[in-house]
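Remarks on the structure that follows.
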């Protein structure tokens with residue numbers, strides 16, 4: 001059920017991140033080298049999740065692994081326990097909550113019309129449903145943290161925190177962001193571009209689907225204009 005995926009990606013994963021923030025306040029600060037393995041593990045996990053995204057053929061699995069990779073960055077920056085790091089983690093969790101939920105919603109919109117989640121069988125929707133293509137483009141741009149969205153603010157704060165803590169982490173961060181951009185572009189091109197494989201008539205999008213997407217992306221755009229609300 002798509003509602004379960006949306007709630008899991010938007011709320012439950014982020015509650016886990018919030019729990020880690022609360023738990024870290026009871027632990028000693030990272031002046032010792034005790035937390036280095038956890039930070040490296042979180043960043044390496046983010047890269048592996050991103051690489052897994054690149055080889056996915058199932059649209060829903062791709063979006064799910066995308067959520068995992070973003071949480072890797074969040075966990076890495078929470079462990080460092082700096083004000084900028086916590087602000088960046090909160091910003092990215094809230095922004096990615098909206099984005100991943102919107103992507104799951106769009107995947108379901110495609111699934112209802114094609115009855116498949118295989119990427120190669122969901123091509124050519126820009127010819128059939130141009131408004132949905134616009135929503136896909138916006139959601140993917142937010143997923144790759146395009147300025148001036150809240151995703152960009154969060155990732156910038158996370159990058160600054162990790163770079164100040166250890167400059168070599170920029171290699172892993174940069175690689176992670178590069179792969180994120182690659183699979184987001186791959187997801188957009190696979191679902192929207194190319195010839196349509198459908199021979200049957202496709203049902204047009206309904207107002208409720210556009211309303212659902214508006215309620216995901218417009219609050220995120222508004223929060224992006226005033227990020228002090230969340231950080």
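Cβ coordinates come from backbone N, Cα and C, glycine included.
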> So which range, 34-54, 202-222, gets flagged transmembrane segment in Swiss-Prot?
Replying inline: 34-54
>> Can you see whether the transmembrane segment (89-111) and the transmembrane segment (1-21) are touching - at least 3 CB pairs under 8 angstroms, only pairs 6 or more apart in sequence?
In response: yes
>> Please report, as numbers and ranges, the same-chain residues at least 6 past the borders of the transmembrane segment (128-148) whose CB is under 8 Å from any CB of it.
In response: 66, 95-96, 98-100, 102-103, 106, 109-110, 113, 154-155, 177, 180-181, 184-185, 187-188, 191-192, 196, 198, 202, 204-205, 209-210, 213, 216-217, 220, 224-225
>> Test of understanding: applying the rule of at least three C-beta pairs under 8 Å (pairs 6 or more apart in sequence), is the transmembrane segment (1-21) touching the transmembrane segment (169-189)?
In response: no
